[in-house]
Amino acid sequence: MSTESMIRDVELAEEALPRKTAGPQGSRRCWFLSLFSFLLVAGATTLFCLLHFGVIGPQREEFPKDPSLISPLAQAVRSSSRTPSDKPVVHVVANPQAEGQLQWLNRRANALLANGVELTDNQLVVPSEGLYLIYSQVLFKGQGCPSNHVLLTHTISRIAVSYQTKVNLLSAIKSPCQRETPEGAEAKPWYEPIYLGGVFQLEKGDRLSAEINLPDYLDFAESGQVYFGIIAL
């Protein structure tokens, strides 16, 4: 709102006030009203000028140029954001062309194999000791339910360097069928995902595998549905 508009509104407000007979109280009231109107217009004009010329307004946060004045935590956050991570990480995906088996590939879109992790004999080889997040997902698909009960399993196993024995780290079992599809009835499709994930202490040279029991039920219709990976913490 401009200053001229504010002055015009004040004048119209004064004209709208009822006229009273002149007297000591009426003169004093008119004097106070005029003084208030003047102060209101002057204050609004001053505020408008200060905002227009940028004298007041939102302040920008400024960081000190001297690094010693920045907190150690802030320095660590800023330096880590500029330094690439050297922690082992891998994300492999299933090969949709491998019929009857679950084969992992790292040379595919959205796959990753970095900082020492190896994919050997369909197993992930841990490059260094430490805590790791291990995860995997598979998606099963079928048409109708057969007479024999369908049990789907997904397991992540570890073969440690210290003892050459396969040990299950994570495992899950699901059954997509509650009852057999009646003869002559429509065989409806079903989908059953299984996700596994957990944090484990691993040693250098440990081998990890992600396996299933019924690979013929795997669904490769869309990418990113079947994967396996580890992330060093």
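Just so it is clear, glycine is given a Cβ too, placed from its N, Cα and C backbone atoms.
According to Swiss-Prot, the feature topological domain 'Cytoplasmic' maps to 1-35, an assignment based on sequence analysis.
What Swiss-Prot records for S2 is phosphoserine, and it gives similarity to another entry as the kind of evidence.
The N6-myristoyl lysine annotation in Swiss-Prot covers K20.
Look at Swiss-Prot and you will find 36-56 tagged as transmembrane segment, backed by sequence analysis.
What Swiss-Prot lists as topological domain 'Extracellular' is 57-233, and the listing cites sequence analysis.
According to Swiss-Prot, the feature O-linked glycosylation site maps to S80.
Note on the domain 'THD' (88-233): its mean pLDDT in the predicted model is 92. Annotation comment: Swiss-Prot describes 88-233 as domain 'THD'.
Within 10 Å of the C-beta of C177 (disulfide bond) there are 17 other C-beta atoms, taking all protein chains into account. Taken residue by residue with DSSP, C177 (disulfide bond) is part of neither helix nor strand, so it is coil. The disulfide bond annotation in Swiss-Prot covers C145-C177.
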